[in-house]
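In what follows, a structure is listed as structure tokens, so that the remarks can point back to it.
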Amino acid sequence: MSRAAARFKIPMPETKADFAFPSLRAFSIVVALDMQHGIGDGESIPWRVPEDMTFFKNQTTLLRNKKPPTEKKRNAVVMGRKTWESVPVKFRPLKGRLNIVLSSKATVEELLAPLPEGQRAAAAQDVVVVNGGLAEALRLLARPLYCSSIETAYCVGGAQVYADAMLSPCIEKLQEVYLTRIYATAPACTRFFPFPPENAATAWDLASSQGRRKSEAEGLEFEICKYVPRNHEERQYLELIDRIMKTGIVKEDRTGVGTISLFGAQMRFSLRDNRLPLLTTKRVFWRGVCEELLWFLRGETSAQLLADKDIHIWDGNGSREFLDSRGLTENKEMDLGPVYGFQWRHFGADYKGFEANYDGEGVDQIKLIVETIKTNPNDRRLLVTAWNPCALQKMALPPCHLLAQFYVNTDTSELSCMLYQRSCDMGLGVPFNIASYALLTILIAKATGLRPGELVHTLGDAHVYRNHVDALKAQLERVPHAFPTLIFKEERQYLEDYELTDMEVIDYVPHPAIKMEMAV
């Protein structure tokens, strides 16, 4: 929470919670099909592959950490009524999962009527009937009751539900397709799911395959694959890294590590419908991103405040040794000087150390931006700068991401941001910066009653540190997944008072983290 007095904070409007949740929940598909895209006859599956049934159970039941569901967290399976009825009674509802059945007429009581009477009350806790199609189910799963308690939503059939999944508005929320390909043709099939669909607007990438193997039951050959929609936005980042490493020039730098560098690039990321561009080809430290951005917004300059939260991204630049090397011998250890947050909230004020009270001192650029957006959204001077030439020598590190310009689309009521970053560490810094300015744009949009629009990231000296080359080559081999969603579980009276725990990133399916050393 901000130390500032209330009159110096930015009050949040009554509309602050309007876009706290997405319109529809992201989801995945689990399906098995033969060589003619057949999935069944409407009542049963015309092949026997026990390994696929085991995969289905594990994939839809276990959480992403491969642990079983808990009272607070489980997955959901969405199915049509015929698919529900095709499940043997003894397995209804599917254990350990929230079963969402799409039906215009059935009730929970009717669906559970075939069960022994003594089991119905407990089973009712695991079944929800949605009067509508897949979109209505995803709308329900995007609401507060389920957004945090459901980790992954799986669409499991039948044919009409799969067909709906491949059409708007559902297709925009489809993150993964787990497909078991049966290397045979079942003449009994009367229901089909062509995947990948021909002439589809969405391109699909094969993310993984367990390899073609033979079932121990009937000897059928099968292959379990995972497909993901092509993430063109993350590919911008990967392609830029590849271009830097192939065509950039080798340069020495102040850290002594050395870089491969090129000058001038740009990437664009959509923030619409709660989308958060948190890179997936490696796990990005979201907690660090969020806490640092809130630290900026509060005008704080003590790295110790972050270290106390076990966030050590500024420790190197706040060390006694580093401060002394910058000539900042009078700064207390971990006092970074008038860096980002100070310039955002107190531009031009005389810096007297991180412990001083700066209420009302300098230019509060963030507050000015919020007020101007609300009163004059067409203003072309909606800029925030951290680059103060008069204060650079007092900073532990001059700002790398130094200028943000905001833009209001008055036709769509969307707020977009263009970030200019002079020095761009592609391996460590840039993934952080993308997510950080996405969050800043989302919060400013909340404070001004607008929807988040787009983040445009303009890079000056875009470079790869030489000691990051091998790690980045490994990252380039990975297939990007869909970006996650940011939700707000709690709201605050003032912009500066939002906390990490008020937000949650859901449907984030990244590859493992990749260790890279920070050049100090």
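Cβ atoms here come from the backbone N, Cα and C positions, even for glycine.
Since we're looking at a predicted model, the values are computed, not measured.
Pulled from Swiss-Prot, these are the features on record:
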type: ACT_SITE; residues: Cys400; note: active site
type: BINDING; residues: Val30, Asp52, Tyr162, Thr180; note: substrate binding site
type: BINDING; residues: Ala32, 38-44, 81-83, 102-105, 157-164; note: NADP(+) binding site
type: BINDING; residues: Arg254, His401, Gln421, Arg422, Ser423, Cys424, Asp425, Asn433, His463, Val464, Tyr465; note: dUMP binding site
type: DOMAIN; residues: 26-229; note: domain 'DHFR'
type: REGION; residues: 234-520; note: region 'Thymidylate synthase'
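A map of Swiss-Prot features onto the structure.
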residue : record                 : CB count, 10 Å
Ala32   : NADP(+) binding site   : 23
Gly40   : NADP(+) binding site   : 25
Asp52   : substrate binding site : 21
Lys82   : NADP(+) binding site   : 19
Gln160  : NADP(+) binding site   : 15
Thr180  : substrate binding site : 21
Cys400  : active site            : 17
Ser423  : dUMP binding site      : 19
Asp425  : dUMP binding site      : 23
His463  : dUMP binding site      : 26
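Lys82 (NADP(+) binding site) and Tyr162 (substrate binding site) have their C-alpha atoms 13 Å apart, to the nearest angstrom.
Residues Val30, Asp52, Tyr162, Thr180 are recorded as binding substrate; their most distant pair of Cα atoms lies 18 Å apart. Sequence-distant contacts (6 or more apart, same chain, Cβ under 8 Å) of Val30 (substrate binding site) comprise Phe56, Gln59, Thr60, Tyr154, Cys155, Val156, Tyr178. Burial estimate for the binding-site residues (Glu43, Ser103, Gly157, Arg254): highest at Gly157, by number of other CB atoms within 10 Å. Following the DSSP three-state reduction, the secondary structure of Lys82 (NADP(+) binding site) is helix.
Rounded to a whole value, the Cα-Cα separation of Gln421 (dUMP binding site) and Ala163 (NADP(+) binding site) is 43 Å. Counting only the Cα atoms, the space from Arg254 (dUMP binding site) to Thr180 (substrate binding site) is about 52 angstrom. Here the domain 'DHFR' (26-229) has a mean pLDDT of 95 out of 100. For the pair formed by Gly40 (NADP(+) binding site) and Asp425 (dUMP binding site), distance between Cα atoms is given as 51 Å, rounded to the nearest Å. Sequence-distant neighbours of Tyr465 (dUMP binding site) (same chain, six or more apart, CB under 8 Å from its CB) are Thr255, Val257, Gly258, Thr259, Asp425, Gly427, Met516, Ala519, listed in sequence order. Thr180 (substrate binding site) has Ala32 nearby among the recorded positions Ala32, Ala163, Cys400, Ser423, His463, counting only those with a Cα within 10 angstroms of its own Cα. Cα-Cα distances to Ser423 (dUMP binding site) place Cys400 within 10 Å, out of the recorded positions Ala32, Ser103, Gly157, Gln160, Ala163, Cys400. Annotation note: Ser103 (NADP(+) binding site) sits in a coil segment as assigned by DSSP. Overall, the recorded dUMP-binding residues Arg254, His401, Gln421, Arg422, Ser423, Cys424, Asp425, Asn433, His463, Val464, Tyr465 cover a maximum inter-Cα distance of 21 Å.
Checked against Ser103 (NADP(+) binding site), the recorded positions Asp52, Tyr162, Cys400, His463 differ in C-alpha distance, with Tyr162 being the nearest. If you take the Cα of Ala163 (NADP(+) binding site) and the Cα of Asp52 (substrate binding site), they are about 22 angstrom apart, rounded to a whole number.
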